[in-house]
Amino acid sequence: MSWMFKRDPVWKYLQTVQYGVHGNFSRLSYPTFFPRFEFQDIIPPDDFLTSDEELDSVLFGTLRGHVVGLRYYTGVVNNNEMVALQREPNNPYDKNAIKVNNVNGNQVGYLKKELAAALAYIMDNKLAQIEGVVPYGANNAFTMPLQMTFWGKEENRKAVLDQLKKHGFKLGPAPKTLGFSLESGWGSGRAGPSYSMPVHAAIQMTTEQLKTEFDKLFEDLKEDDKTQEMEPAEAVETPLLPHQKQALAWMVSRENSRELPPFWELRNDLYYNTITNFSEKDQPENVHGGILADDMGLGKTLTAIAVILTNFHDGKPLPVERMKKNQVKKECNSSESDKPGRKDTIKKTDGLSKEGSRYSEEPSISDVKKNKYSMSELSSSQPKRKKIAVQYIESSDSEEIEISELPQKMKGKLKNVQSETKRVKVGPSKIKEDTAFACALTSSASTTTKKILKKGASAQRVQRKLMFEERPRTTLIICPLSVLSNWIDQFGQHIKSDVHLNFYVYYGPDRIRDPALLSKQDIVLTTYNILTHDYGTKGDSPLHSIRWLRVILDEGHAIRNPNAQQTKAVLDLEAERRWVLTGTPIQNSLKDLWSLLSFLKLKPFVDREWWHRTIQRPVTMGDEGGLRRLQSLIKNITLRRTKTSKIKGKPVLELPERPVFIQHITLSDEERKIYQSVKSEGKATIGRYFNEGTVLAHYADVLGLLLRLRQICCHTHLLTNTVSSSGPSGNDTPEELRKKLIKKMKLILSSGSDEECAICLDSLTVPVITHCAHVFCKPCICQCIQNEQPHAKCPLCRNDIHGDNLLECPPEELACDSEKKSNMEWTSSSKINALMHALIDLRTKNPNIKSLVVSQFTTFLSLIETPLKASGFVFTRLDGSMAQKKRVESIQCFQNTEAGSPTIMLLSLKAGGVGLNLCAASRVFLMDPAWNPAAEDQRFDRCHRLGQKQEVIITKFIVKDSVEENMLKIQNTKRELAAGAFGTKKNANEMKQAKINEIRTLIDL
């Protein structure tokens, strides 16, 4: 198969050199090779504007019809019940056939042949989304009336009306509200009068607005609601904070609840859904789980661990094996005797002395003792960790990786299993450093164990049936690769030293694929990428062959794209209980929530159409009823506390103060001269665009000017790669056009900013540029072109675009630019001078204080390295170009409190990533402002979070009389917008005008 383009960074999805681990045993093996990318494999991005469900930004009108053939089908409907229309092009009797299904997916009947002939063309060509409601469904034996509404793009309205007119149909007026007042009359049918339709413009909200709206859903949470506390199981060593005890109590009650899910009632022996008017005899399955959406840094991981150990079956804790005290002491002494650099072998051991053992003396594949497994010493609140030294031996054809020291704590013991340290040949790979990181998480695996496991693999199909019949035991945790090590750390840190867990890290080409053995574990930990890879390969995926006791999605917003294979792999898992852990359940828009609800198996929202019709569309169009439904739903299945939330009058998290200071910088005469020259030239050009009314069509040029001004504020050397703002002209030769477009794209890519793709509204991934000089993510624009064939148009300027004309920036050109910059003679700048003065002054007062130096420009961070070295500072760095292993090493090095450890971390704005904890720092120097104030706040939260004991002081360097001061004005405006409410946001035209006003403010026009 071919690998698919995805919106996360490409390196993250090329992690196919992986490892299999159970508890303490790592496995290094040959890497797999990457098949080539193919156009047809491109996954649509985050449910963007060209997907089926987003074709409904405008309501065209209504149409009356009839459903026939009722007596031939088992599906039934109630009065005023919503129904779905489904094309059936392969129907042997009518190629235009359109089925009518109820909410449960059961066929009720089909549309009359004449009506189907008119609608089939509209549905097949995605000109409109057609939705139905049956006003009088009960007691109809042969036929029933149907009220249909047509939603689509404004540009498709004429085609829809013409198609209906061709078959003798006309649309009637739209309902007065987003709901239906069916008693007030019908839509138009054949030969009826024509009406003008009101246009409901879709409302687009910013990320800040959405986060604020989500927080507002919980403002009226009562003290007696979700505030009961519960103590965790005895096996949990770390004391829980009050808000974590509340979360534990709520999660346990959700898992054990027998209540009906939201919007369901029992009426006359039938279970009735109040938002779709659907009813059925069988009780809908309750949601045994939910969304833990606490703010970042409030300890969601510890809470999840507590749930796993506290709530097994029938409200009882997970039965775990306990070691005797003399055994614990013996193992701890053994750990302390390890010497750095010694090559260890894992020796054969006798059976462990246990209390209350659950198992017979048969070989165990994953007996994990917490004190042998943890990478942290529990002797202090800031545990010291032994590093796993990984030796690289380079050769022309391969790379040998050898574990030179395996910490005793990571080894554990296998009964009756021999294991030894090995050298393993690994073939060439572009991601060998990430492989080494993966290998470093745990230790080497036993060859004997592999034989035991593979022996049982042949019985997979038989075992699959048995596992669905038995009560499940195992919790499956799925997380991004970047936090895999964090989960291992957390289990080691928070579980008592005498507790044994059957724990398996499912990762790597040698990972155990026998569902029978996996299902005997207490915990299986894997990544989204591994789950997706297995799901897409031939044959059964082992993880999909097991009915899990519980599935936990860490950073669960990773499944927000409903079209991605990753999301499909997650939704297809079988489990009794389901949890989503995320501090940002809404990333870009309200539609991000659907995948989470579908994962929770919340009926009827497992089918996306009902979510869209009853909640998503009404809310985004400002309907109060839709907002009330959303509030009711969210409060039922979600628990969210922010850092400012209070419990019994006290803040959830009592953190030290976090003052923010703005330090104004005055440019030198030379810097100011360059700044004014660039500003005057660009201002004249953009002023011409305003006069011509084409400013948005030249948005790339505007960004280019703003970028150059921001770069000058930091350092004039950053201007090396910038180009003039002249765009492609009609007289350019193909090669000249290509060069100009590549330069424009390099201009945007070199900014290091959070420039968004206009389609998916996220940071650019695999960026390409069109002939009209607009930059998009390649998967986004390719899917857009594919969906709008043969007349695809640019989403920004509506000019014609073609897939053959998309240009990518060749990597060698970017590398060449970096080389040119590195050869320049270093000079300082006003901002660097101010930073160095502050750092030296800070070192004089307290040499132990650690600082983050944050910038959007990675090249600027490189320039800052020179004076840091000259002044004798010990520093480390974290940016998006670093392999995951290097990132982890950098973080661990910075968090180290020993003498000689780095006191400064150079951090790129976009490199924060999920699960990043930088509490060692108590000073933050923001070298340049971000467009998005939320992006700044997220970086500040990396050190201002649970575990921070010192006051965090933030300094923002802002150049006086510059674009940076104007950016602060824009930030304040965005924060004010974020204070609004659902239904009061700007529509598309107002958003465009706001963008134009922003440009005027930034350029001082």
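Each Cβ is built from the backbone N, Cα and C atoms, and glycine gets one as well.
On a predicted model such as this, the values are computed, not experimentally measured, just so you know.
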Per Swiss-Prot, the candidate from Tyr110, Tyr195, Tyr373 carrying the annotation phosphotyrosine: Tyr195
Swiss-Prot annotation (region 'Required for interaction with the RFBP isoform of ATP11B') - matching range among 791-796, 851-856, 857-862: 791-796
Range annotated as motif 'DEGH box' in Swiss-Prot, from 86-89, 446-449, 554-557, 730-733: 554-557
Where Swiss-Prot places region 'Required for interaction with the RFBP isoform of ATP11B' among the ranges 131-136, 575-580, 767-772, 863-868: 767-772
Chain-internal residues, separated by at least six, CB under 8 A from Lys112 (SUMO2 cross-link): Gly65, His66, Val68
Local confidence of the region 'Interaction with SP1 and SP3' (922-1005) - pLDDT mean: 76
